């Protein structure tokens, strides 16, 4: 099986396959034909069709009725005394006269074909006299007309919906000049990342900051969908970078097209695109973002056409054909993928009044509630055909992570009315604490992975988000255990900080072990990289919000300085391949989540709590803020908790 470091994606996100340009031939270069030659091919086909029609027209001696859309010669029988024959209650009126008329019509049709043929030849000659640029311009004009017609067709007006009470979407300016300076530094880093993407990768999904060109991975298919633009919009907005926000909005309005023949990850497109568009809509009020989000959601719905209703991992946006990753446990769907749709789909139903999105995610929940869980744990793999678990591998990191996060956030987003989701979260966390959470010999609390009946004492960078999740879920936990879970969050934050502090670059590795004398350190070479991930900083921010312990801002500032020192290049920001080397090599990818999550969480860490307060906003797993839907505003009635 492919090693975790090379899997296309997992849960909150495993590193995408980094396939260079050499992996795919440049089809445009190798297959390009001149437009003139293409026109000649079309012309020759048209001529063949015309002459075929000319020589193979039906012969009137064999066919008594040649229907060219002329007046019907069948007349209801009223009188047989005028030289006609009665046939089946209808009169065939004056057959000799009709045959003569048919010959005239056939001759007229032949003449018309000759005239059309000559006209087509003349038009083709005129076309061939034009320059290459003129022909290309005409082709582009026709393409634009088709695109505009499709846009008009797709842009159905959505019903007006009252916006939830939106609080704290601006400012957050700290009074302390030192904290304000740090916040401004994060904003400058965002500007550097965006400006270079704008210059070198505009419209592409991501940026190669050293090669200074666009970059994409298999999770986005083969199309340029501007993932960085959509992912970065809300960060730009809350930072007050409104000119850049308008640039992104204009590109989305004119260029973001989902009617492409492209196979994409349902999970990644949901959290980055639908989440990003919805957040941009709520923050700015611009209808284009809501319209685009709904259009894209419609393209994802065919992924749910499985025997169980558990969606495929991937879907073709044009054909609607879905499939699963080849490496995923005998064709299984992945817990963190089909379990990380709830927030966005509930908001889609709220904004459109269409319950289809809500019903899809509630069906998944109901199915999971009926299933047996080994040791109370949710395995990472579920077969969408049979409805049975795949291999019994449980993780709070890649493949599992954001499923648990969305159970908690479904409860929070419902204004704490969705008690069903809260119960599922509490049950899951109790099982995780019993079977997966341990203390190392050196006193570090870590979350291992359950594989084939035993605990693997390894923790991934992705798992570090859980510190923030435990803190976020502390209030409302069972048996007055709020203090316990806040403390557990603090311990996870400490462990993850140690994973950063024990490297040469003060940046954390992809995964780290707790075996023997090795603690919070990566052992394998393919686990020593840092790809601008946000999870540790995310936990620092949540811990800061709930405790205001200054060490979290200090740890966040250490990470900010390390990223700026070791990941910044003249063309943007790049991941590094070995955090234990003082002179690392770059991976040459500026991930879209660096702008969506890492820099957003750092900016919020150095902002006042009145910027996106947690009583009013819930962040999706890509750090896109969505407003709490208070009971008075929601129209959802499928869940008893909402009634």
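Quick reminder: no glycine exception, Cβ is built from N, Cα and C everywhere.
Note: TrEMBL annotation is automatic and uncurated.
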TrEMBL feature region 'Disordered', matched against 117-147, 148-178, 179-209, 210-240, maps to 148-178
Within 10 angstroms of the C-beta of residue 464 (disulfide bond), the count of other C-beta atoms across all shown chains comes to 30
For residue 621 (Ca(2+) binding site) and residue 496 (disulfide bond), the CA-to-CA distance in whole Å is 19
Same chain, |i - j| six or more, Cβ under 8 Å of residue 496 (disulfide bond); the result in sequence order is 461, 464, 467, 508, 535, 536, 539
Students should find that the Cβ of residue 621 (Ca(2+) binding site) has, within 10 Å, a number of other Cβ atoms equal to 27
